[in-house]
């Protein structure tokens, strides 16, 4: 098969993101015309980490495209936990702010416990990222409301591409709270048989070879190789590794695409969908505030 023939196997996250953004734009216009409300997203950025600043810019551009009012709240790199919590409290009380996003990671002087405390301080009804334990708990019992954006984007892509999940073997590689755990829950909610693998899993290949659907998010360049997947597998690559010569995913895309029925590229796959689902969540937060 020629390289051109493989193009039909690529899940185009940019096209899907445009579809979601169009839906959000329509919803934003309806909310403004019928209720006089413009959805507002507050983004908290502590310090001046270049990668974090870049991600915030990407999110703001998406807000501009769909008509969401986005505002940055910047704290210096040496900000204290008390200062951060005070800011979050004020945003929780601000009726013009419908959704709050705390850009991670926080500077190194914030302990993991402090980061978690800050995430939990955000009102569950303004939790744009879907990370609050209340929203995670709802997800675990099958009540999907505000869920983490990357898994939400994967589910939307599965639906758009007509991939049946029920009864399928799904393997999640990586068990973070951001992708792995919520992804497993969302697939379980759709009656997939789910295995979650991680750094301590023996013989990862044994699991991936039996998978109909693979979602990988480890940050390990080309962890998933062609000999680790069976013909016809659907693969979502939510990992990213930046090197001097380019950006790479967790999947050896050039070789895996020859066996997969569908696969996301890096970049241009899961990333755009994640940001689009964030926009959808901001609109949802605004609608729930009525």
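In case you wondered, yes, glycine gets a Cβ from its N, Cα and C as well.
What Swiss-Prot says about this protein:
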- 174, 175, 176, 199, 240: NADP(+) binding site (BINDING)
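Sorting the binding-site residues 199, 240 by the number of other Cβ atoms within 10 Å puts 240 first. Proximity of residue 175 (NADP(+) binding site) to non-local residues of its own chain (separation of 6 or more, Cβ distance below 8 Å) is seen for 181, 184, 196, 197, 198, given in sequence order.
Among 174, 175, 176, 199, 240, the residues given in the record as binding NADP(+), the maximal Cα to Cα distance rounds to 16 Å. Comparing local CB density within 10 A for the binding-site residues 174, 176, the maximum falls on 174. Annotation note: residue 174 (NADP(+) binding site) sits in a coil segment as assigned by DSSP.
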